[in-house]
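For reference, the structure discussed in these notes is given below.
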Amino acid sequence: MPSTQSVHKCQDSFGKMRQKCLLICIWLWTLLNFSFINASSTGLLRVGLRKKQFDIDRLHAAKFVRKEYLYLQNQGLVLPTDDSKADVVSLKNYLDAQYYGVIGVGTPPQNFTVIFDTGSSNLWVPSSKCYFSIPCYFHSRYHSKLSSSYIKNGKSCKITYGSGSISGFFSQDHLQVGDLVVKEQVFIEVIREGSLTFLLAKFDGILGLGFQEISAGRYPPVWKTMAKQRLLKKKVFSFWLNRNPNDTTGGELIFGGFDQKHFTGDHVYVPVSRKGYWQFEMGDFLVGGKSTGYCVERCAAIVDSGTSLLAGPTSVIAQINHAIGAEGIVSIECKEIVELYGKLILELLTAQTQPEKVCSRIGLCVFNGTSSTSAGIKSVVDEQNIDSSSRNADLFCTACELAVVWIKNQLRQNQTEELILNYANELCGRLPSPMGESAVDCQQLASMPDVSFTIAGKSFILTPEQYVLKVEQADTSICISGFTAFDIPTPRGPLWILGDVFMGAYHTVFDFKDKKIGFAKSV
């Protein structure tokens, strides 16, 4: 007969073994049930989005970086190239981005706060090998040695943007997005962050959701890897951005489908017209129910979750500012052009001169066959004045092009010469400030007009409450127009960028199987 001590030892051993078996069973059940629910049963992956307060100082900094970026873009320095040793990634700034979420990279996952950006296609996070760049020390960094699923790639990558550059190299590792694990996703380990942009940023990296065509290294974006690994029920992802400033929930990004409670009615779909960005053809743009005349013959537009505002050509933004009473700077050059050449522009347009050739006929621009460019002033005796003279020529050419758009629009409405020229002169005073933004009177929202975009033949309306952003500064509310001027040159431009102002009003579905974008009214 066993002793009492032996019985207690046996019971203790059995109890420990039973607890261990129970824990193993619970772990296995959780793993199997978890995988089944998230990957097989619903096929939907939900990622909660957070939202940071809109900051006017960051908006100013963002506009500065964007203008510098445009200069490099015009010089052909920011587009991916196949024949270079280091890929160059087209990186816009994200200082004014508001929505972000958390992902995990590696096994076990190392967490990073990222912007989910439909305007780029690469995933990148700071690397532990980022030794000599101050911004890296203010963000989470990826340690490849701490991940059991890390795969070395090593190909170099350079990201060029307005006021500096970011460089790094490609690696592969498992990516955790919400509750889903994407295996062996290629991403960029950044080893240099040479800009104020990323020192001030509240996020660690970017998760690009654009097409592979604009991906550095031509590596597949995350959504394409998800589809290849059959992790999604449908080959779509959707954004719901919560614009309620009093709600702690920022929104939701869903891979594999969408949630009916986030919108009302049916989605209106429009085909992707050019892969790279999520780009489509947009119809007429109206202010207060009246056409601006700018997109009557269609305009290119992209949906960009990485941009807070709604960006468009300066000529149209000035018309919007005029209609909503936004205060911009008075452009001396613009008013001078209207005063000196307004009647001539009017006569040329009345004589059926092609609008894009009017400014070249006057001698302020040079027509290159598709669009006008600055005529420049080369024959200047004092070489030190060449740069300033060229800048003035650019301003006069731009002012002339703006005047052509405005005068053409008024001619369509059969206005008199006096009214047309007065209108153009008024719009000169509504040009956006140097930083791009324009202030409006918070007390006048009720009297401001609706603005609407025509997409797939349907009208998508934004009310003043939707396109005006309230910013708290020094215990005072400042209202900022949600429209900002952003002129993109041909052949890519002119281009509208529908950022969070638009996506907050309209739930957006990105269908990468049928290459289309859907919009429905958000709730």
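Placement of Cβ uses the backbone N, Cα and C atoms for every residue, glycine included.
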Bond partner of Cys130 - disulfide, per TrEMBL - picked from Cys136, Cys157:
Cys136
Most crowded position, judged by CB atoms within 10 A, among Asp117, Asp304 as active-site residues:
Asp304
Please count the residues of the domain 'Saposin B-type' (329-369) that DSSP assigns to helix (H, G, I), strand (E, B) and coil.
27 helix, 4 strand, 10 coil
What are the DSSP helix, strand and coil residue counts for the domain 'Saposin B-type' (393-483)?
42 helix, 26 strand, 23 coil
Have a look around Cys136 (disulfide bond) and count the other CB atoms within 10 A of its CB, chains all included.
22
Using Cα coordinates, what distance in whole Å links Asp304 (active site) and Asp117 (active site)?
7
